[in-house]
Amino acid sequence: MAPRIRVLAALDQARTQYYHFKAIVIAGMGLFTDSYDLFCISPVMKIFGRVYYAPSGSVDGSGSGPGVTPPAVVSATVGVALLGAVAGNVVFGALGDRVGRRRVYGACLLLMVCSSVGSGLSVCRTRRCALASLCFFRFLLGVGVGGDYPLSATIMSEFANRRTRGAFIAAVFSMQGFGILVSSAVTMAVAAAFDHYTGYPAPLDTPECADLAWRIILMAGAVPAALTYYWRMSMPETARYTALVERDVVKATNDIGRVLADLDLAAVAEEEVAAAALSPPPVTTPPPPRPSYGLFSRRFVRQHGRDLFACAAAWFLLDIPYYSSTLFQSQIYRPWFPPAAKVNAFQEAFNVAKFQAVIAVASTIPGYFAAMLLIERAGRRRLQMAGFLLMAVFLFALAGPYDGYWRDHAKTAGYIVLYSLTFFSANLGPNTTTFILPAELFPARFRSTCHGLSGAAGKLGALVGSIGFLWASQQKDGAAAGHLPGIGMMYALFVLGGICLLGLALTYAFTPETMTRSLEENESSVQAQSQVGDGGSDAGNGSDGLRFHELNVLMEAATKSPVSMASSHLSMSPILPHRMSL
């Protein structure tokens, strides 16, 4: 292996500064939009049911009572967004490695903004047309959100220093918690305003303006994302992509010097040359060909297949109980609020959003912050195992006495505490670590793609959990209207707990630890093991030759102005023949 490029070492050792926190906010907006979209849909569907499923078309067919959105429609609105997220993870993850993180980052944000606005701007007033329009734009929203997952994690991992990389990526992911909180706040504000404006209508009286309320809630999710578009587009390409994928050390150094105030270009260059002087001169000076093996090639599977399986499988197993628990909220909050027949559409949506805000403040956000504090102390692997174990314990505690006790005592503090601890454990452990690990384990040229594949597996698990749980939680002999008979809530919770134990076992067997190591060290350890198995067949001096030649250019460029630096770089056509500009 060639010695490490010093600009990347300097990036690993850089002090935490303003730009790191700015990057957290910029990168976190996609996750913010994701959780806003996921959690606002429950209260939105309450209003939607009152508007488009009037009492005469209620689910039970009695012609009385408030309109209710059928379970199949709820599943469709959730499922299309998750399917879009699967596609977005795969497509934008691959594009992030092929054309650069920055180039497709803005496209994801624009797609999220436009589809959020489109979700509420449907001009249709009939039920079928409104549903078709809503599902179409929610699919596009899912594509944008899914694409943001690998790009946000990869960009933050490549900008962060070694000491706080895990905490920074966890901070990006914690924006989901604030998305839940803002979603609840916006829903409560809109519902309260419309309720007051319409004179607090009777429970079965749904004003025509309610059709506007749910649209405003959906469109409001575009505002925070739109506000960060300028800063997202002004970000430079990550140094690791520029240096390791585009193989342009000079430009990488220049880009990082613009955003990290304490990076001394001349000092970095001097360290590079000093390190090169201590190394034996390279045998070969021409640049080597770009790495020949591709994604899913035999060599890729040998070197990275185990890690990709560990990341994708853990994320898949996590999202089944995590998204199922999100849908389980309806069972939790129902005893605490008046029945739907005694409140109007705005009040029902307000109550659902209020409960979601309580859960977010009590368990979800504290779980994210606990992960940020512990990720660099306990490590990713230990936190993931601990989180899976705690989730299983709390789900079993809910499942065991459910039929005999919890079903008739749902309005107790212990019931909500156990449910909240399930969310806390997920966010403390696997919900955060499954987002971090794929951004640390893979080489720069596969990093975004592999993160996207892992995230896509997670969204498939979410699809299984969100749709499967709606069926499985129904009683065999007493399914709710619009549902097929299932296995019952108690057995459904037991299954979710068992899935968490399976995630624990998989993490123990397959997941490596990445704490305290640079991204290049994580990659080197995998390649070294592969080279030992191959008898060192991948060793060579070609990369040393390329690096030795670039060091001289780097030393010269560090003492020049940016204009001279660009001119010097452009004259290096024999070294980087495919690069035409900075």
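Using N, Cα and C of the backbone, Cβ positions are placed for all residues, glycine too.
Features of the protein shown, as given by Swiss-Prot:
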- 1-23: topological domain 'Cytoplasmic' (TOPO_DOM)
- 24-44: transmembrane segment (TRANSMEM)
- 45-75: topological domain 'Extracellular' (TOPO_DOM)
- 76-96: transmembrane segment (TRANSMEM)
- 97-103: topological domain 'Cytoplasmic' (TOPO_DOM)
- 104-124: transmembrane segment (TRANSMEM)
- 125-130: topological domain 'Extracellular' (TOPO_DOM)
- 131-151: transmembrane segment (TRANSMEM)
- 152-165: topological domain 'Cytoplasmic' (TOPO_DOM)
- 166-186: transmembrane segment (TRANSMEM)
- 187-210: topological domain 'Extracellular' (TOPO_DOM)
- 211-231: transmembrane segment (TRANSMEM)
- 232-307: topological domain 'Cytoplasmic' (TOPO_DOM)
- 308-328: transmembrane segment (TRANSMEM)
- 329-354: topological domain 'Extracellular' (TOPO_DOM)
- 355-375: transmembrane segment (TRANSMEM)
- 386-406: transmembrane segment (TRANSMEM)
- 407-415: topological domain 'Extracellular' (TOPO_DOM)
- 416-436: transmembrane segment (TRANSMEM)
- 437-451: topological domain 'Cytoplasmic' (TOPO_DOM)
- 452-472: transmembrane segment (TRANSMEM)
- 473-485: topological domain 'Extracellular' (TOPO_DOM)
- 486-506: transmembrane segment (TRANSMEM)
- 507-582: topological domain 'Cytoplasmic' (TOPO_DOM)
- 519-541: region 'Disordered' (REGION)
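Just going by CB pairs under 8 A, the stretch in 211-231, 386-406, 452-472 that sits most against the transmembrane segment (76-96) is 452-472.
Here the transmembrane segment (308-328) does not touch the transmembrane segment (104-124). Their Cβ atoms form fewer than 3 pairs under 8 Å, with each pair 6 or more residues apart. Against the transmembrane segment (486-506), stretch 386-406 has more CB pairs under 8 A than any other of 24-44, 104-124, 211-231, 386-406. Using the rule of three or more Cβ pairs under 8 Å, pairs at least 6 apart in sequence, the transmembrane segment (131-151) is not in contact with the transmembrane segment (355-375).
Sequence-distant neighbours of the topological domain 'Extracellular' (125-130) (same chain, 6+ residues past either end, Cβ-Cβ under 8 Å): 52-53, 211. Broken down by DSSP into helix, strand and coil, the topological domain 'Cytoplasmic' (97-103) contains 5 helix, 0 strand, 2 coil. Restricting the average to the topological domain 'Cytoplasmic' (1-23) gives a pLDDT of 74.
In this chain, the transmembrane segment (386-406) lies apart from the transmembrane segment (211-231): fewer than three C-beta pairs between them fall below 8 angstroms, excluding pairs fewer than 6 positions apart. If you count C-beta pairs under 8 angstroms between the transmembrane segment (104-124) and each of 24-44, 166-186, 211-231, 416-436, the highest count goes to 211-231. Among the recorded stretches 24-44, 211-231, 416-436, the one sharing the largest number of Cβ pairs closer than 8 Å with the transmembrane segment (166-186) is 24-44. Same-chain residues lying 6+ beyond the ends of the topological domain 'Cytoplasmic' (97-103) with a Cβ under 8 Å from its Cβ atoms: 151, 154-155, 158, 233, 235-238, 241, 245-246, 445-449. Break the topological domain 'Extracellular' (187-210) down by DSSP state and the numbers are 12 helix, 0 strand, 12 coil. Counting residues per DSSP class in helix, strand and coil order gives 9 helix, 0 strand, 5 coil for the topological domain 'Cytoplasmic' (152-165).
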